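Annotated features, as they stand in Swiss-Prot:
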type    : residues                                                       : note
BINDING : Gly169, Asp170, Arg171, Lys172, Thr173, Gly174, Lys175, Ser176 : ATP binding site
SITE    : Ser362                                                         : site 'Required for activity'
Amino acid sequence: MSIKAEEISALIKQQLESYQDEISVEETGTVTYVGDGVARAHGLNNALQGELLLFDNGVYGMVQNLEASDVGIVILGDFTGITEGDTVKRTGRIMEVPVGDQLIGRVVNPLGQAIDGKGDISTDKTRPIEHKAPGVMDRQGVSEPLQTGIKAIDALVPIGRGQRELIIGDRKTGKSSIAIDTIINQKDQDMICIYVAIGQKASTVRAQVSTLEKFGAMDYTIVVTASPSEPAPMLYIAPYAGAAMGEEFMHNGKHVLIVYDDLTKQADAYRELSLILRRAPGREAYPGDIFYTHSRLLERAAKLNDELGGGSMTALPVIETKAGDVSAYIPTNVISITDGQIFLNSDSFYSGVRPAMDAGTSVSRVGGDAQIKAMKKVAGTLRLDLSAYKELESFAQFGSDLDAATQARLARGERTVEVLKQGLHESVPVAKEVIILFALTHGHLDKLEVADVLRYQNELFDYMDASHKDLEDSITTTGNLPEGNTLEDAIKEFDGMFQPTAKADDTAAQTAD
């Protein structure tokens, strides 16, 4: 068998043509320090702020500090397997989390990994956790109401889609309960909810998820949780991960409600990281950019203009105060960033007024724009009535003789406080809120005993459902009060049937005789 030189030459040329240079160049560094959720590495001269790095043991880190000789890295996972001298390499990409419909109904960690035991999440969509907030021209005014189902909030501090409304108060005053009840009330409202639990005990998160499942709210909710046992970097990135998941829906024209519960713990985690990375401490030992940490997060909530799809993301950040001190550093920062605050008073809470909202210090900077017209009409004087009542109540304690007008205002105030009370997970549809507030402001409750007010409310709701469902439907569909005196006549009709407790007791006694 003879081998021709031409054939050998052709084979060599063919091999050369198909040859690919598969040499990959990776920039690597050496770990010089590791501990408390952070590491330092030398040799990563071209690393970028916020870039993901990969350690030898498969754990990722994120560049936080860029210094002359090394980089400071926050470790996104278990740092116990990383030792001094290990290799760390650049990935060339920034931190991303999975997004999309597949996450709805799931409980995930800040990396987007499922932790609810229901299997992996199959989605190939991701978004960076850090994203520039929509600009001024990309937004439109907040005008669409977000109904919380809580009478005191919908009447006094209304929230609109695209707004940032702070929930602030001492521990154990019902902050999380308001957020959870608001999520529950979004059923059938074309809203996707995201609950970000930052630094909350696993048992607490489990209880919250069980509550959401009980009311069918997990059908439209994503829960992102970073427990206290996890490294501080996980608590720090949790709200940004939740915001990225929400932005995916917002930019597709959908409406999102996101709860950050709570940002005090995120600030504490960021302070811990910054001090370990030897950043200069400022007021209360927080780093100088703690304001920017929260502002760049909360500014991502917006109502996009119609050209961008008209989607919205409404944020309810939660802040915990110490002894009601809203003038501390973090509370004042977040108050100045948000569009209003719901302040919960511990004294009111322990005296049985729940939700324990302080009408004097709570405010919504969007105001009546986020209310339906019917609610605006019936709740217009409510705040003034409450303020006057609080002022007169303290004056009346001195035992002075009061004229009839003052006594009438005190009586109206007592009944207003009673009407605004609401049990846990007892959401009220907006039409029913309008009906009971209409009855209150038109004097139908003035002659009732305070103890009868909530019974009157519940029986009125039942009566309207049974006999005047058309009036409720009219308020729901049009957003206006029914024409003419139809609502007034219906409530008067019910007044004639309602039996106050004293009369009911007398009737029962006569029947027994």
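Just so it is clear, glycine is given a Cβ too, placed from its N, Cα and C backbone atoms.
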Long-range Cβ list for Arg171 (ATP binding site), cut-off under 8 Å, min separation 6+ in sequence, same chain only, gives Glu320
The most crowded of the binding-site residues Lys172, Lys175, judged by neighbouring Cβ atoms within 10 Å of its own Cβ, is Lys175
Going by C-beta under 8 A and a gap of 6 or more residues, the same-chain neighbours of Ser176 (ATP binding site) are Gln208, Asp261, Val318
Not counting Gly169, Asp170, Arg171, Lys172, Thr173, Gly174, Lys175, Ser176, residues with a CB within 8 A of the CB centroid of the ATP site are Glu320, Leu344, Ser346, Phe349
Same chain, |i - j| six or more, Cβ under 8 Å of Ser362 (site 'Required for activity'); the result in sequence order is Leu156, Val157, Gly340, Gln341, Ile342, Phe343
Thr173 (ATP binding site) -> DSSP, reduced to three states, gives coil
Binding-site residues considered: Gly169, Gly174; fewest surrounding Cβ atoms within 10 Å belongs to Gly174
Judged by other C-beta atoms within 10 Å of its C-beta, the most isolated of the binding-site residues Asp170, Thr173 is Asp170
